[in-house]
Amino acid sequence: MQTAARRSFDYDMPLIQTPTSACQIRQAWAKVADTPDRETADRLKDEIKALLKEKNAVLVAHYYVDPLIQDLALETGGCVGDSLEMARFGAEHEAGTLVVAGVRFMGESAKILCPEKTVLMPDLEAECSLDLGCPEEAFSAFCDQHPDRTVVVYANTSAAVKARADWVVTSSVALEIVSYLKSRGEKLIWGPDRHLGDYIRRETGADMLLWQGSCIVHNEFKGQELAALKAEHPDAVVLVHPESPQSVIELGDVVGSTSKLLKAAVSRPEKKFIVATDLGILHEMQKQAPDKEFIAAPTAGNGGSCKSCAFCPWMAMNSLGGIKYALTSGRNEILLDRKLGEAAKLPLQRMLDFAAGLKRGDVFNGMGPA
């Protein structure tokens, strides 16, 4: 078991209202390991490096996890990226074991794409509010009421929900895929993030029925307070993740996935940025652009309070101790039913093939050749 002290955070998930019925989501919680001191962290990193070699394993981490884990992944030849980059890296890497530092759906996606590999996670209880807010039974019932519609789901969903879908998308390729489907005259069901779905619907004009889920982090950003902060820093570029509410997105100079926001922060000439996404991304932004200033976008109104305060509590459950425990014990393994994995792989692989085509420039993205 992990020995680090753990702080517990409890969240009463809001009532998720679907277009057809209400679905009460169970109370969600996160138990976050305390940050180790420098000596302990260095010892754990050395032990993990040796274990990764011994187990023929590679560390695949999301931008939102502890900076110590992000740095360790890069130091050991692993990956730090958004969910699309993580999925692609894990599928292409030769390692027999993938240690996925992120939330549960990311580990499931890795197992779906690589059923022959062992997929471990630092903590199997690292959830996602979007996943929790889209129960498979309720979502399937909703889809069954609209059999003429193509089902497109965000990657932040369970394997069971992916298996019900025609397409899986990430924020990196969602606009392009929906534009492509619209060009084919297809009407869509979208789930689970209502803000991202609404943004894509406005940008593409696609006919989309939206599931009403949201990200506990991005849902808390406030448009009015962001406008006031922007007025205080008129020279700042506003970077916004599209899981944010419309009032926030409309203030963004750059709207896109974590990878797109990182690229903008590094490549743009401006020296000041307001960042409306999980603040875990600031570590890589500051590493790649040390001469620039990054300001956190507000997550609560005047006199208000925030639940996540721009840090995903489930991402924070990933720890060095958890990685060591998974590697030494072989526990915390992602296991999926074979038939479920095969069904979920079809829409997920469809996305990866489409994204690869975009990179080659030979896929129509709804707006002309990519």
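Using N, Cα and C of the backbone, Cβ positions are placed for all residues, glycine too.
Look at Swiss-Prot and you will find His62, Ser83, Tyr154, Ala155, Asn156, Ser171, His241, Pro242, Glu243, Thr258 tagged as iminosuccinate binding site, backed by sequence analysis. Counting only residues at least six positions away in the same chain, the Cβ atoms of Val80, Gly81, Asp82, Ser83, Met86, Ala101, Gly102, Val103, Met106, Gly280, Met315 sit under 8 Å from the Cβ of His62 (iminosuccinate binding site).
The annotation [4Fe-4S] cluster binding site is assigned in Swiss-Prot to Cys128, Cys215, Cys312 on the grounds of sequence analysis. Residue density at Cys128 ([4Fe-4S] cluster binding site): 27 other Cβ atoms are found within 10 A of its Cβ, drawing on all protein chains shown.
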Helix, strand or coil by DSSP: which one applies to His62 (iminosuccinate binding site)?
strand
Could you give the maximum C-alpha to C-alpha distance in Å for the residues His62, Ser83, Tyr154, Ala155, Asn156, Ser171, His241, Pro242, Glu243, Thr258 that bind iminosuccinate per the record?
17
Please list, in sequence order, the residues in the chain of Cys312 ([4Fe-4S] cluster binding site) that are at least six apart in sequence and whose C-beta is under 8 Å away from its C-beta.
Tyr64, Val103, Cys128, Ile216, Val217, Asp278, Gly280
Spatial neighbours, same chain, of Glu243 (iminosuccinate binding site) - Cβ under 8 Å, 6+ residues apart
Ser171, Asp193, His195, Leu196, Ser214, Cys215, Val217, His218, Asn219
Note down the number of other Cβ atoms within 10 Å of the Cβ of Cys215 ([4Fe-4S] cluster binding site), including every protein chain shown.
26
Hey, for the [4Fe-4S] cluster site built from Cys128, Cys215, Cys312, who else sits with CB inside 8 A of the CB center?
Val103, Ser129, Leu130, Asn156, Ile216, Val217, His218, Asp278, Trp314, Met315
All chains considered, the count of other Cβ atoms within 10 Å of the Cβ of Tyr154 (iminosuccinate binding site) is 29
